[in-house]
Amino acid sequence: MKATGGPLPLILFLLIIIVLITAQHTAIAKPFFSLNAFAQGQPNDKDDQNMGKFYVYNKAQTNNYADQRMRKFYLYNKDQANDWDDQKMEKFYLYHEGKTNDRDDQKRKNIYLYNEGHANGDDQTMEKFYLFNKDQAKDGDDQKMGKFYLYNKDQANDWDDQKMERFYLYNKGHANEGDDQTMEKFYLYNKGHANEEDDQTMEKFYLYNKGQAKDGDDQKMEKNYLYNKDQANDWDDQKIEKFYLYHEGKANYRDDQNMEKFYLYKKGEEHKYIHSHGHGHVHFPEGAKDLYFFEDNLAPGSVLITRILSARQSSIFLHRNNSKHIPFSMKNITDILTMFSPVSATMADGIAATLQACEHTGMVHGEKAKCATSIESLLDVVVSSLGTKLVRALTPGAPMEGVPSLRYIVASATPVPNSQSMLACHDMLYPYKVFFCHTPKQTRLYQVSLVSGESGRPLIDGLLAVCHQNTSDWDTGHPFFHFMDVKPGETTACHFFGRGSIIWVPVPSVKEATQ
């Protein structure tokens, strides 16, 4: 017999609502309701097809099956066609903390809300809400953790979550055998998330702790990614700010074995670190090839196609009696960001990158590296690194906006005396001036003047170029070898310094100069 389409279910529903409202305004304590209303034509006691069905349980419900000590509420409309997938229906569940069903909702709060458009198992075109507490004990993917999902109405696919807001938060106790063992993991997608693969037009943030044990690419290391909204390609990460830091214990069989690796890309340009010649497989876009050249290219009259990167506006340089009272450590990064708030996203990234670089100053090939956070500490670094107080400071004459990649003619190139033992200090992005200083070995410094061979620009004078004389122990994956098509040890490697650097060289004493 087919269920009737009359107003009976609606009338019963309204009667129950009236009873509930009336009970709330009477002196009767703890009203008990256990009401069942079936449409006249209910054909089957199991699947409730083609009928209206309505249950209300209070806390005292003592059924020995699925609904002990809980309130449970179902509302199906007339078109409910299947008890499994609940197509073309409204369905509402609410479980108390005391829910003790042996199935999938043990010891947790679970709230589902489906709108009329719920069509199948992937919950397309619906609102969906999950909340698991830490005691959730399901054998699936949510063991011993807090997990939170929020999908908006535009959710179009349960796999890639396009055009939606999505939020994950895992606590340290996450014990799933998948990709998140013993780690904290945090995702934040904005409304513009359009693709699971490349994450264009979105903010994305990953943080892995040292205990990350996945057999993939992040073994025994700290890894930090930060993408801004302009991220345009998941492969080369051009036009983004991206930050990597690998510990020496990195054990991946790929390109980062047993080394420290530090990359920092600035938005829209291939900025740093062209000076980190011993630090692994640095990936630069094709435009970076003009950063490098050979020492022979510095001969006067030679044609040189090169570029010099832009520099930041200079920040203030503190004295030691001021800087010593300001925390300077990654463990205090929250306090530092608060102290200098409000800070832009770019500055926040720079603070983190600077702190990481200054806390991991281990270099290769005998180089020394230190950071200076004050005028006095910079002088201390210079003296301790070069072993003398007789020093000369040189600053590049490159313009703040840098030098574009064009065809230039070398007007002059003068070697700087004693530059075989030099100290290069690079201005870091920080609320006040911080220098990262290191001592590259076997170098030769040149003061260079260039004349544009294309645009008729005036003479560019006072440039500083460094040539590394021995590249035999450089990493084979360095971009210099890739772009210049040479092998380690075959030739010298040269590049210009940007305006934000200071180069220090020792000055011979009078006695040494007369010998």
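Even glycines carry a Cβ here, placed using N, Cα and C.
Residues or ranges marked as domain 'BURP' by Swiss-Prot on the basis of sequence analysis: 292-507. Regional average pLDDT for the domain 'BURP' (292-507) in the model is 89.
Here the Cβ of N321 (N-linked glycosylation site) has 9 other Cβ atoms within 10 Å, regardless of which shown protein chain they belong to. Secondary structure at N321 (N-linked glycosylation site), taken from DSSP and collapsed to helix, strand or coil, is helix. Marked as N-linked glycosylation site by Swiss-Prot on the basis of sequence analysis: N321 (among others).
Residues or ranges marked as N-linked glycosylation site in Swiss-Prot: N332 (among others). Mapped onto three states, the DSSP output places N332 (N-linked glycosylation site) in helix.
A simple way to gauge crowding: the CB of N470 (N-linked glycosylation site) has 14 other CB atoms within 10 angstroms, across all the protein chains here. Annotation source Swiss-Prot lists N-linked glycosylation site at N470 (among others), citing sequence analysis.
Look at Swiss-Prot and you will find 1-29 tagged as signal peptide, backed by sequence analysis.
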Number of Cβ atoms other than its own within 10 Å, given for N332 (N-linked glycosylation site): 14
Rounded Cα separation (Å) that holds between N470 (N-linked glycosylation site) and N332 (N-linked glycosylation site): 39
Alpha-carbon distance [N321 (N-linked glycosylation site); N332 (N-linked glycosylation site)] in Å: 19
Structural state of N470 (N-linked glycosylation site), classified by DSSP into three states: coil
